[in-house]
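What TrEMBL says about this one:
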- A:23-46: transmembrane segment (TRANSMEM)
- A:66-90: transmembrane segment (TRANSMEM)
- A:110-129: transmembrane segment (TRANSMEM)
- A:135-153: transmembrane segment (TRANSMEM)
- A:160-178: transmembrane segment (TRANSMEM)
- A:184-202: transmembrane segment (TRANSMEM)
Amino acid sequence: MENEKYLKDIQDIKQMMSQSSRFISLSGLSGILAGIYSLIGAWLAYKTIYFDTSTMGSYRTLIISYEAVVKLFIIAASVIVLSIVTGLVLSLKKAKKANESLWNPTSKRLLINFLIPLLTGGFFIIFLIEKEILSLVAPLMLIFYGMACLNASKYTLGDVRYLGITLIILGLLSTWFLGYGLLFWALGFGVCHVVYGALMYFKYDRN
Amino acid sequence: MKNIIQNINKAFDHRIRLGIMSVLMVNESADFNMLKELLGVTDGNLASHTKALETENYIMIEKQFIGKKPNTRYIATTEGKKAFKEHIEALEKLLSKN
């Protein structure tokens, strides 16, 4: 009898500690979907770049038309917007189920700590694009996104930490294979999101 | 056995007080509304339990204004953190004994 009460106490303590410091309503399914959007986006980008009739050059030196650049920009923007909307909607659903609000101190902390490395990287990459140092854009995006995940992982499900580390490694690797930026992008933003999203989905979401 | 029971702290022998301390162990501070939402309790209930913990010197209460709104923050004291750790250890020992 007494024992059961103590066990319940310990469980309550653990639950309260993690609930108050980590945002656990992050949806695994939204990770899977974001990965799929990225893969579709990468496929469209690949078709735009390498089958565009006005495209010339090889993997190392790429010359693309203005229309192709606009098309790539539209693809990238739609992938990002779709991913964010999906993530918000699914996390909101999961939070509602758990009787938690989506906008609370833990989700605020998660967002702030995710955005600091991400925006740092974003501005850095914009400056690089302005200076036309394009070759490092793909590796740096992976690295900074990985660091954002790593930093955010302290405030949400621990698995995000390994997603971050994987992305950083991929980013560093792609620095050696500069011509294959798109491939590493597809691997990092597509395959990694699907794998870790599925892992989190089966671990936390299913019941 | 007797020693372990001594470490079971009566001040934490309640679900809400246990919850308040758990939150304050892993967060620098928590305000009234955050605690209320996390623990799912009424204002009066929460106030009486925080008061009890304050009397034991386990938590500090800080009142301030954010704009025009009064805001009450709770922070665990070093003494409170130590006592709570001992309480958890005592619970764990009791469980592993039986």
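Cβ from N, Cα, C; glycine included.
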Could you tell me what the rest of the chain brings near the transmembrane segment (A:184-202), counting residues at least six beyond its ends with Cβ under 8 Å?
26-36, 38-39, 42-43, 138-139, 141-142, 145-146, 157, 159-160, 162-163, 166-167, 170-171, 173-174, 177
Non-local residues, at least 6 beyond the ends, that sit with Cβ under 8 Å of the transmembrane segment (A:110-129):
23, 26, 136-137, 140-141, 143-145, 147-152, 154-156
Other than its close neighbours in sequence, what residues sit by the transmembrane segment (A:135-153), given a CB gap under 8 Å and a spacing of at least six beyond its ends?
110, 113-118, 120-122, 124-125, 128-129, 159-161, 163-172, 174-175, 178, 181-182, 184-185, 188-189
For the transmembrane segment (A:66-90), distant same-chain residues with Cβ under 8 A (at least six beyond the ends):
27, 29-31, 33-34, 37-38, 40-41, 44-45, 48-49, 52, 54-55, 102
